[in-house]
Amino acid sequence: MKFLDISAWHQRTTQTSMSKRKASAVEGDDIELINGHAKRPSTETNNGNSMLDHFTPTLFDPALVHKYAADYATSDPYKHLVVVNLINDTLLRSVRTEILDNIHFTPKETDIYKIHQSGDLANLDGLDPAALAKLPSLLKLRDALYGAEFRKWVQDVSGAGALSGRKTDMAVNVYLPGGHLLCHDDVIGSRRVSYILYLTDPEQPWKPEWGGALRLYATETKVDADGKTFKVPKSQWSRVIPPAWNQLSFFAVQPGESFHDVEEVYHPSEDAGEEDGGRFRMAISGWFHIPQDGEEGYEPGLEESMAKQSSLQQLQGKADQFDEPRALWLDPAKAKRPDLHNARRNGASTKRREEDEAALSEADLDFLLQYMTPNYLTPDTVDELSDLFAEESTLQLTDFLSPKFATTLRAQFGGSPNGPLPESEYGTSRPPYKHRYQYLQPTTTTPPISAASGRDPYRALTYVLFPSQLSGTRRFRRGLDYQLAQSYESEEPQLEYTLCITPTSGWGGEEEETSAGNGEVGGDIVGGADGVPGSDARTTTGVMTISTDEDNVGGYELYMAGDDEENDDEDDPTASDDGVTIPINPISRSHTGAGDRRSAKTRRKPTHDPAVYRAAGSSGGGEDEDEDDGILFSNPAAWNTMSIVLRDRGTMRFVKYVSRRARGDRWDVTGAYEVTGEDEDEE
C-alpha cells in the first residue's frame, strides 16, 4: 500500500513557523488506521464537564444556541450552518500536531475524487496502547464530538433528530494541490448529519483563491408527465464556504437535496511569490448516524427505509428524464439530414441494394474524403482495422481527420477562450452528480449553411459528419467539468466513438511526430486493451508516449470493467462504494461522502457499514493486484484522435475531472450506434 508522509511533505513545501516534526517517515513509526467500521462504547458515560471544556466556552450558551438554530433554519440553498472557533484552540492545535507527526495517509483517486485519507478514526480504540499514546488529543476530540452534550447541541440546532453516540464515522482528509471531490449528496446507509472540521494551518490563514471550498448546490423542482415531482440540482453551485482554521460546517443529509462538492485545491502559479504553506487543506470529515439498537431514539426499520432513498436509486433512474443533454436515437432510414445511406452526395444517389450495404459507394468516398485521412479509406487499411477490431473490440486512430480539414478546424480555436463558438451557443449538461460539461447537440433541423458549405468545420463535425442526436461536441472546461462513471445496462452491445480534438498539449498522452502524420500514408492505429497508451501496446506503429507524473491534470476518458453479475449486491442495503477506483497513473496503464455509484471492479460481499470506504489497493493483493485493475481502454485528451469501443453490458465509462492546472479544455465529438443482432448462422 502506498502512504503519504504528510509531515515530510509539509516541511518540503512550507517555511511557515510550526512545531518541530520529523523530516521523513521511518517504516513502522506512523500509525495506520485500518479502513473498517467499529462500534465503540457510547460516550454517554463520559464526564460531561470535561467534555464541555473541549469546546469554545460560549458554544452551549442558550441564547447562542437559539441564534444558531435560527441561522440554520433560514440558510440556503438548503439548511446548513458554519461555526467558527468550535473547539478549544489549544486542544485542536495539539490534534493537528499529532496527526501530522503520527498518522499514515493513503492516496485515493476515483472518478469522483482525488484525496489523501487516514483510516476510520472509529478504530482508535483498537490500537495498541503504545500507538494510542501518540494520539491522546485526537482521542479527546473524537469523544467530544460524539459525546452526549455535542450531539444534543447538533440535534437542537438542526432539528435532524436523535444521533448515535455509539456509531462513530470520521476520517482525516487531506487535499493537496489538484485534490477535489465532485458533486454528491452524502446519502448512504444510516447517515443523518454531515460535518467538516477544518485543520488548516492556524498560522497561515487560508485564502479563498487557493480553492478547497465547500460548495452547496441549489435544486429546482421538475414535474414529470404523471405529475410526480423531482428535485434536480442546478449545474453550478450557489453557496461557497472557504476553509478556515477551527471552522465547522454541517448539514442534515437529505436525499436528492444535500448536494455539495469540494472545490479543487489549485496549484500555485509558477510566478507566485508568497508563501502559502503548500496549500495543504486538512480536515476531519464525518457523519452522525441514526441511533443504533439499544440507544435512546432508536427506531426499528428506519435504517432499511433510509436505504431505499439512497443516491444509488436516484442514479439508476427516477430523474433521468430531466438529464441534459437528452440522448435521442435517430433512425437513419427516416432521417431528414444528410446520412451516408439515405442522402445525395454531390448530386449522386447513395441508395444501394441491401447486399451492397457494407460497401462504400463512390459518392460515400467523395463525401468522407472531405473530412478523413485518405489512408483510412483504402481497402487494405479497412481490412486491417476490421480484423483488429474484431479481435480487440477497440480501436484508436491518430490523424483521423485529413490534414486540410484538421488545419482549418484547429484555426477555428484560435485564441478564443470559448473555442470556435460563442459561449451562448453551448448548453451545460446536468445533473452535476452525473456530469458537467458544455455541449453542442444536433437537432432534427437542416444543418447550418456554414457547416454544410465547409466554412465552419467545427459545426460540420456536429451537423454533417456525425449528425446523430446521440452524438454531440463536448467541451470539458478546466477547473470545472467531468463525466462520472455510469454503467451501460442494455442487453445488446453499443458501438461508441470519441473524436478528440483538444488543441492543447500536456495531457499525459502526446503524439510524436511521424511520417504518417501527413495524411497521405496514413495515421497510426492502436487496438485493444493492450493498446492502452504507455503499455506494451501491440500496434501497427507505436506512437503514443505517456507522462508518468501521477499528479496528472485529468481529462482522460476511461472504460472499466463492471460488476460481476454473479456477485451482484444491488439489493443489499449495505452494498455501496465510493466510485470507480482509478489505478495509479491510469493513462500509462491503459473518507468522502461519494458513496453513490457502482464499482468498476467485481464487488465483494460487504462486511462493514457502507459509510466506511476502502483504499485503492488495500486488499493486500500485492504487486500482482494491478495486473487486473479493470481498465479496458484509456483515451487521454489529444488532437485529432478517434477511438472506437464496442461497449458491453456493465462496462463503466467516465471522463476524469479536468484540473485547472491543464493548459486548456478537453474538446471532443462523441456518439453511439446501436448494434443489431445477427442471424445465428452468421459469424
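Backbone N, Cα and C define each Cβ position, glycine as well.
Residues or ranges marked as domain 'Fe2OG dioxygenase' in TrEMBL: 166-290.
Under the heading compositional bias 'Acidic residues', TrEMBL lists 293-302 (among others). Proximity of distant same-chain residues to the compositional bias 'Acidic residues' (293-302), defined by a Cβ-Cβ separation under 8 Å and at least 6 residues beyond the stretch ends, is recorded for 42, 161-166, 190.
Summarising the annotation, TrEMBL assigns region 'Disordered' to 293-318 (among others).
The compositional bias 'Polar residues' annotation in TrEMBL covers 307-316.
If you look up TrEMBL, you'll see 336-357 (among others) marked as region 'Disordered'.
The region 'Disordered' annotation in TrEMBL covers 506-540 (among others).
Residues or ranges marked as compositional bias 'Gly residues' by TrEMBL: 519-531.
According to TrEMBL, the feature region 'Disordered' maps to 561-629 (among others).
The compositional bias 'Acidic residues' annotation in TrEMBL covers 562-575 (among others).
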So what's the mean pLDDT when you look at the domain 'Fe2OG dioxygenase' (166-290)?
93
Pull the DSSP breakdown for the compositional bias 'Acidic residues' (293-302) and write it out as helix, strand, coil residue counts.
1 helix, 0 strand, 9 coil
Per DSSP, what is the helix/strand/coil residue tally across the domain 'Fe2OG dioxygenase' (166-290)?
3 helix, 55 strand, 67 coil
